[in-house]
């Protein structure tokens, strides 16, 4: 079974366990000893089942079972064994259960509920604070039950006092400030000790020595042979009419969705002047996947202030790597990108044949490819080389299929694959923020159709008016596994490399401090932004990231300013082309290891590119030693 399946089974077993123990206690309190005994048998069986599931899940890694092994199962074991010893002799005689039987059974139920709450609400890591809080809650509920069932009498004041102290201490320990990830060791152990709240502080210019992030800017001139490509973008609200005629309220660049394409050749200098006409929350430009100097990265509160209405900001960087990229606002990005503040960035030689940039977005529930929410029809002469550049600008994955001709997935996230083979009858699942370049030669006798996952929007290329669209059901086609596609080749980094920094990010959901207030947040190592420890690196460091997904959501992980090389997924190394990515989907139960060389000094966001998740806590900073920021927000949009 996959870790995701085992995680689901564990939740089901936990729910059944809690319901059975509580049901047995209720039956006992209702003076139905035979029913209580029968349900007690179910509770014991469910408890043992959960133990077995946890043992199986532990094979995926300690991250998936820590709070179960450390807190939930010991608490259930103590209360469950006690309840069994106390209750079984009385219930097998069919005698009216004594108060001690009722309380013991319900206490085991409270323990099972506490363990379930620990997984759903507190998550990873289990800390001394969370253990004390859960234990105190179970003890408090048990004492209250005893008071109700046993009737008036001497109150167990010492027990009540101890329970109250444990509860208060547990809640207090839950908000101990976390450390900064600056010593190069695997930080999962440090995080697992339970340093919550407070946040890791970034060095502020003027308070500490160092070089401000604003000094890392692009050059003033292009490379020899290059030219200056100047663009001007104005962010403004507008009503956009889709190809179907539907009108949507949008935030736009120059009144268009997507914004104007930015194109350049390698060696050119790209200069973009951003103006804000009326976006009240402010706007910036982030160059997704392009490793610009840190001062050009467009992260509000970290590398610049947001551009407010009436203001402007000039970005300047060298086009030093060809490929398919995109740009978007990073101020209130969970809303701004959704509303339309995005566009394409294409770097490379002039296209040959048919070259289509196809950003995919969702407006008002409708999938829009490019600027159309209806099929896009184009003609291409037989033998014409075709490149389709797929760009996912949404928060969730999109699935594409191409029928009518064999093709190659030539490039992923702007980097060409090594030896990509011909593909057909497979689905291509593109992470949020990711890009795929599909290439093929136009056939002479049939139409080629690119379909999106909702099948209402497509791109249809025809060699002539007589060609018909292939009628194929592509929903059942298997998805391509990128880690097995292409031809293996030597890479500069491997799993056996000697790493200078080693960070573990455990993605989850639970109660955490976010912005100074407790909330049910998307967390990394038990913390939510801005309380997640900063990853500290030095120039030249070889850095490994282990990204673990304990949650039930897909998290497209995106590190600014750096490409990462995939080392493994769930412990298995890629067998195909070396895979350099800037965004990768970490699905429930998966463990990814990626690596990069720290060669782009600055302060960088490292976050989930489901921008709603990032807005609700799943974001942190990667900082180079000695780099400071003159900005105090450091919120990243």
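Cβ coordinates come from backbone N, Cα and C, glycine included.
Pulled from TrEMBL:
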DOMAIN    236-350  domain 'Plastocyanin-like'
DOMAIN    530-623  domain 'Plastocyanin-like'
TRANSMEM  6-29  transmembrane segment
TRANSMEM  36-63  transmembrane segment
TRANSMEM  69-89  transmembrane segment
TRANSMEM  101-122  transmembrane segment
TRANSMEM  128-146  transmembrane segment
TRANSMEM  158-176  transmembrane segment
Check: Counting only residues 6+ away from its ends, which parts of the chain sit with a Cβ under 8 Å from the transmembrane segment (6-29)?
Finding: 35-37, 39-40, 42-43, 46-47, 49-50, 53-54, 56-57, 60, 64, 68, 72, 76, 80, 83, 87, 91, 97, 101-103, 105-106, 108-113, 115-116, 119-120, 149, 550, 552, 588-589
Margin query: When secondary structure is assigned with DSSP, how many helix, strand and coil residues does the domain 'Plastocyanin-like' (530-623) contain?
Written below: 5 helix, 47 strand, 42 coil
Check: Roughly where does the domain 'Plastocyanin-like' (530-623) sit in mean pLDDT, to the nearest integer?
Finding: 97
Item checked: Number of helical, extended and coil residues in the domain 'Plastocyanin-like' (236-350), per DSSP -> 10 helix, 51 strand, 54 coil
